[in-house]
Amino acid sequence: MVSRDAPAAATGTATPAGTGLVLSGLAVGHRTEGTLRRGRASTVLPAVDAVAGRGELTVLLGTNGAGKSTLLRTLAGLQPALGGSARLDGDDLLGLRAGARARRVGVVLTDRPDPGLLTGRDVVELGRLPHTGAAGVLGPDDDAAVDTAIDAVRAGPLAGRPLGRLSDGERQRLMVARALAQQPSLLLLDEPSAFLDVAARVALLGLLRRLAREQDLCVLLSTHDLELALRLADRAWLLDGAGSLLTGTPGELATSGAIGAAFDTDELVFEPDRGVFALRTRD
Amino acid sequence: MTGADTAVRADRSTQRSGGRAAVALGVLVVGVVLLFGLAVATGSVVIPPGRTLSALLGVGTPDARLDLLVTDLRIPRAVTAGLAGAGLGTAGLLTQTLFRNPLAEPYVLGVSAGAGLGVALVTTVGAGAAAGAFAGGGLGGAPVAGRLGTVAAAALGAGLVLGLVLLLSRFAQSVAALLVIGVMLGSVITAVVSLLLVWTDPQTAQQYLLWGLASVDGVARAELPVLATIVGAGLLGVVLLAKPLDGLLLGDDYARTAGVDVARVRLAVLVVAAVLAGTVTAFCGPIGFLGIAVPHLARAAVGTSRHRILIPATALTGAVAGLACAVVAHPPGAGTVVPLNVVTSLVGAPVVIAVLLRSRRLGGRAW
């Protein structure tokens, strides 16, 4: 059964109380920007209840415009929440100051930044900004954290190369390493595989699943790679496009028909037992 | 971490960009010293190297007039040129990083125009003392005090324009839009200045136009400490901003996720850039191309965008460029002075084009 109101229940992996990410009644949306009419808000998701555990890979699914990015950007502190609460390991995530949040939440965005003359290692070292002093000088601990982050994404050979000469997949791995160098407990990724080819997508999702386990991270990522995500994820959050969030294990969401309800088209239908889309058979 | 790991990690510094930065910075320091000597030695009267050296060292030469030439004209000119280059270069670096655009520099953003408006107001509306002082003469009234008024007006004008750009940036959707807004503001202000000049008497207008050609000759010895102090303070401010500027390299959103208070950093960067560009403009007139070309040259020299290396490199490259322009603007033996903007445009534009084309081929933008 898919849980709609009791987020902690009916999930595959048991999460000890108070760890990981817990959203309760979180309202997200956009305040009107770019005009003189400030303060008016358009709500995208009125009340989100969900849990993402430490050591787990949680995927955020939904069609375009369902609110995936809005939710992730709100959790990343890039836009204000409109209501409700989000707790990370028991602490109020939305109330954290920017510096404190950056030490606990690592973020990988869809953007492909072009920072100029930087090597892979330079970019990963930028992840230490929240940990260094005013001068930004790296200490031995910082160097070690950067080394660990580069090793974790197996980007050793990329570290000395200029960012401008790397492929999109290689860059995205380094952006993950940059987020890991912040030594977060929550890793948020907004469609990290958007510009990647199939091989790089599989590699990236596999990497994130491994990182969640190895470093006891809470990994939450949005993706359009539905079939791959459902196979690899421990937990899925499904935005139905009408402002509600359904949570459960991928299997639960598939068998309940929720995935099909959100993604089926006139031509394609989701087959829960095989976990793939198939052509709709005409009667 | 084990010993073996440490041995493997000995290549950390080689993985960072800017491996040749130390050499480049050393070469730049030597270049500043050599060009300073050259700027003192050449001009309408060429001073032999031995006499230049002894005059610089304060030993004195047999010719008292030569001493006076060096201490009262050549050294102020060389120091001004170096400071102007360093100030405009770092101001350009600040705006290029902030706007993440290779074309963003104070001159383009209308900051120089704003400074020009301040000067124009002082010149046309203000008292005769201030008006005379900026032309380097002092038609009555103390030159330093008059100059300070002009500097304040120029810095205020520059700050006003950057402030307006900043205010509009709250509503602008993108950095590109902000850049275009800056350009538009610049043209509006230039138009206002032209209007002011239409209504003023021809002599004042001519003084203003002369100032608009830009020159490093107008700074008297007594005014040097003012220029040096303000530019020095500005450079210190830039150094203090190195860490958040690095954070901005990946874009505003990534900067925020790394804990950078983007709104505050943006304000600080704009204030420092306005002070640097406004001060230099007040003393030397609106100098084009140094602000845009110098950061590109500095990046090419040190091969990194990391600000801890790039800021000193930009200041030194700016000093080298400013001194080189001063040398070219005062051809040896000739009594004429080439307007500084002619030199910076003729040299600066091809340099910017070359650097941009080269960096694209090398992979990765040079900014």
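Yeah, the Cβs are placed from backbone N, Cα and C, and that goes for glycine too.
These features come from TrEMBL:
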| type | residues | note |
| --- | --- | --- |
| TRANSMEM | B:21-47 | transmembrane segment |
| TRANSMEM | B:75-95 | transmembrane segment |
| TRANSMEM | B:107-136 | transmembrane segment |
| TRANSMEM | B:148-168 | transmembrane segment |
| TRANSMEM | B:175-199 | transmembrane segment |
| TRANSMEM | B:227-245 | transmembrane segment |
| TRANSMEM | B:265-297 | transmembrane segment |
| TRANSMEM | B:309-330 | transmembrane segment |
| TRANSMEM | B:336-357 | transmembrane segment |
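Within its own chain, the transmembrane segment (B:227-245) is flanked in space by residues 79-80, 83, 86-87, 90-91, 93-94, 97, 151, 219, 255, 260-261, 265, 268-269, 272, 275-276, 279-280, 283, 307-308, 311-312, 315, which lie at least six positions past its ends and keep a Cβ under 8 Å from the stretch. For the transmembrane segment (B:148-168), the list of distant contacts is 106, 109-119, 121-122, 126, 129-130, 133-134, 178, 181-182, 185-186, 189, 226, 230, 266-267, 270-271, 273-275, 277-279, 281-283: same-chain residues at least six beyond its ends, Cβ to Cβ under 8 Å. Highest Cβ contact count with the transmembrane segment (B:336-357) among the listed stretches B:175-199, B:265-297, B:309-330 falls to B:265-297 (criterion: pairs under 8 Å). Long-range contacts of the transmembrane segment (B:309-330) within the same chain, counting only residues at least 6 positions beyond its ends with a Cβ under 8 Å from a Cβ of the stretch, are 18, 21, 24-25, 28-29, 31-32, 35-36, 38-39, 42-44, 77-78, 80-90, 92-93, 215-216, 235, 238-239, 242, 290, 293-295, 297-299, 301-302, 337-340, 342-344, 347. Long-range neighbours of the transmembrane segment (B:21-47) within the same chain, counting only residues 6 or more positions beyond its ends whose Cβ lies under 8 Å from a Cβ of the stretch, are 53, 55-56, 66, 69-70, 73-75, 77-78, 81-82, 301-304, 309, 312-313, 316-317, 319-320, 323-324, 326-327, 330, 332-335. Counting same-chain residues at least six beyond the ends of the transmembrane segment (B:75-95), those with a Cβ under 8 angstroms from any Cβ of the stretch are 32, 36, 39-40, 43, 56, 104-106, 109, 111, 216-217, 219-221, 223-224, 227-228, 231, 234-235, 238, 241, 245, 269, 272-273, 276-277, 279-280, 283-284, 287, 290-292, 294-295, 298, 307, 310-311, 314-323, 325-326, 330.
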